[in-house]
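Student: What follows is a single structure, and I will ask about it in a moment.
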Amino acid sequence: MDDRPDDRREPRAAAVIATPAFTELVRSRRRFVLPATAAGFGAYLVIIVISGFTDALSGPALGVVSWTFVLTALVFPLVWLLTGLYVRRAQRWDELADEAFAEAARGSEVGR
Amino acid sequence: MSADPITIVIFVAVIALTLAITWWAGRRNRSAASHYVAGGQITGWQNGLAIVGDLLSASTFLGVAGLLALQGVYGFYLVAGGLVAFLLVLLLVAEPLRNLGRFTIADVLSSRFRSRGVRAVMAVNTLVVTIFYMIAQLVGAGVLIGLLIGIPYWVAVIVVGVLMAVYITVGGMLATTWIQIVKAVMLLGAMALLVVLTLARFGFDLGLMFRTVAETSATDLFARASGVMPGLELVSVAVAQVLGTAALPHILIRFFTVPDAKVARRSMSVALWILGLAFLAMPFIGYGAAALVGQVQIAQANSAGNLAAPQLAELLGGPVLFAVISAVAFATILAVVAGLVIAGSGAVAHDLYSSLFRRGQAGDAEQVKAGRIAAVAIAAVSIVLALGAQNTNIALLALMAVVVAASANVPVLVLLLFWPRFTTRSAITGISAGLVSSVVLVLVGPGVMGEAALFPLSYPTLVSVPIGFLGCWLGTVTSRPAPEKEASYEEMHVKAMTGRDTVDA
């Protein structure tokens, strides 16, 4: 953001990428985002594929309500759970981004 | 249905409210940034509600209620797909988009590639998606307003078209956002009221309500009726719903209206919670209509079931509630078309005119003027096309928009952000391959050609999205190995992840 003090010079992209904090940021993000995407999209697709090609989920689960309806309804809390986990982890990623820039700036001062 | 005086009064009140918001926003609408992205000063809650408003279009609220009432769980699959789409937006693109873009989706691509061709292709793609989607909304609006208050189709289309041009030229993105927020709150309130009144009819006994639905409907509304839609078509529709919704330009540009990635994240979190609750309310409204109004009466009023929710309102709360729900549906149409016009006019004025034709030399005032002229032009073109398309199936037009968005935008955005070997040429070939293959496959599919279709699926996403990815890959392997004068992947990668600039080496 623009409201940062001016004495912090912008470092080079390669210097930021080389910092341990940035490596950790990218790895940690990927380690959460890929499984979360697979879980959310995957759960939905599995319900759709099974319901589309078979009658396995057509039977009643709760009273007159079928399994396919109940499972689709359960996608909602799954999405909320993944949203909550993402938002909580993202605070750590914000810190790592700050660290990466601070480390890169220190590194370039040492090099000069 | 003839116009009840109370309906007319409430409709006029809704129009007056939107114009008041526009007038208020117009006094703040001075610079290009305020015109295109509300100055980037929208808060997380405001943007979250506006995103909810964008996705809760008339076709979602009225269309899904009708689908649930007449065809059952199929409508529930669609809203669940919309929610999953937004989860993917949060996980994969919301923060990088905020960090890289300024006014339009093409800006995001230009953060890595200085090529003018990339910007032009992306702008044209945005325009195609937006226009298809807008004609669908306008035709739907004309038919719906005709059914609700009995004015002729052409009058309704022109009124909506002129109103949306006024919103954008006077109030820009600030007006669009606040109209969307106000409408979202009204619609959510109306939906909550419908759910409570419906449940009250069954003594707040869910089991009783669902048993009544099962006993009174002709088919099993809770399970997928076999034979309604082949399995492969259902999967294709679901994939289109998830990927297409996640890539609609008028929704993605909402991230440019917030100050930074943290607010973008918060707005998606707000949107996912509220949207989930609203979507979970849909079965109560749809099934409630089936049980209380009756499937025969719903199908008689409109064969697609689009009037199920207003009919339920009339049964539960008489002419006043009918008028309120109808007016809220009308407000929904106005708000969504306003969002579409701003997305389309951004592509024309910012990408094609200011960046390409004027090579970035246009001053601030000139950019605002270009945005206003583009908005009026897009509104005019859409009115003319919608007047000619009265008897076109609106589901087909919306389908075209969603499939093109999924096929042309998803491969390019994903690979741009996460694939270092992606090049200028990959972007151009990828967007072109996705755009052309999706349009062609829809045209030769059952949606257009019916029985004589050359391609078996109405929603060709299962084929056209891979073609989009293939196009990107082909562009990459045929690119010259020498690095062009472009921002490096590293520079963009750091900015996408952190939102901060780095200097060139």
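Backbone N, Cα and C atoms are what each Cβ position is placed from, and that goes for glycine too.
Note that the structure is a prediction, hence the values are computed from the model and not measured.
Annotations per TrEMBL:
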TRANSMEM  B:47-68  transmembrane segment
TRANSMEM  B:74-94  transmembrane segment
TRANSMEM  B:120-145  transmembrane segment
TRANSMEM  B:151-174  transmembrane segment
TRANSMEM  B:181-204  transmembrane segment
TRANSMEM  B:234-258  transmembrane segment
TRANSMEM  B:270-293  transmembrane segment
TRANSMEM  B:320-349  transmembrane segment
TRANSMEM  B:370-388  transmembrane segment
TRANSMEM  B:394-419  transmembrane segment
TRANSMEM  B:426-445  transmembrane segment
TRANSMEM  B:457-476  transmembrane segment
Student: Short question: which residues 6 or more past the ends of the transmembrane segment (B:74-94) have a Cβ under 8 Å from it?
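Tutor: Distant Cβ neighbours of the transmembrane segment (B:74-94) are 51, 55, 60, 63-68, 224, 228-229, 234, 237-238, 241-246, 251-252, 255, 261, 264-265, 268-269, 271-272, 275-276, 279, 282-283, 286, 413-414, 417.
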Student: Considering only Cβ pairs under 8 Å, which range in B:270-293, B:370-388, B:394-419 makes the most contacts with the transmembrane segment (B:234-258)?
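Tutor: Counting Cβ pairs under 8 Å, the winner is B:394-419.
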Student: Any contact between the transmembrane segment (B:270-293) and the transmembrane segment (B:370-388), i.e. 3 or more CB pairs below 8 Å with pairs at least 6 residues apart?
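Tutor: Contact between the transmembrane segment (B:270-293) and the transmembrane segment (B:370-388): absent.
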Student: Would the transmembrane segment (B:426-445) count as touching the transmembrane segment (B:120-145), i.e. at least 3 C-beta pairs under 8 angstroms with sequence separation of 6+?
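Tutor: Yes; at least 3 Cβ pairs under 8 Å.
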Student: By a Cβ-Cβ criterion of under 8 Å, what residues six or more beyond either terminus of the transmembrane segment (B:394-419) are in contact with it?
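Tutor: Distant contacts of the transmembrane segment (B:394-419): 59, 92-93, 96, 105, 108-109, 112, 122, 125, 128-130, 132-133, 135-137, 139-140, 143, 239-241, 243-249, 304, 426-427, 430-432, 434-435, 437-439, 441-442, 447-448, 458-461, 464-465, 467-469, 471-472, 496.
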Student: Taking 3+ C-beta pairs under 8 angstroms (sequence gap of 6 or more) as contact, is the transmembrane segment (B:181-204) in contact with the transmembrane segment (B:151-174)?
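Tutor: No, these stretches are not in contact.
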Student: Does the transmembrane segment (B:47-68) come close to the transmembrane segment (B:151-174), meaning at least 3 CB pairs under 8 Å for residues 6 or more apart?
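Tutor: Judged by the Cβ rule, the two regions do not touch, with the required three close pairs absent.
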Student: Which sequence-distant residues neighbour the transmembrane segment (B:457-476)? Criterion: at least 6 residues beyond either end, Cβ under 8 Å.
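Tutor: The answer is 232-233, 235-237, 239-240, 243-244, 399, 402-403, 406-408, 410-412, 415, 421-423, 425-434, 437-438, 441-442, 445-447.
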Student: With a Cβ cut-off under 8 Å, give me the same-chain residues at least six positions beyond the ends of the transmembrane segment (B:320-349) that come close to it.
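Tutor: Sequence-distant neighbours of the transmembrane segment (B:320-349): 4, 6-7, 9-11, 13-15, 18, 36, 53-54, 56-58, 61-62, 103-104, 106, 122-124, 126-127, 130-131, 133-134, 137-138, 140-141, 144-145, 148-149, 160-161, 163-165, 167-168, 172-173, 175-176, 179-180, 182-184, 186-187, 190, 193-194, 197, 249-250, 253, 309-310, 313-314, 367, 370-371, 373-375, 377-379, 382.
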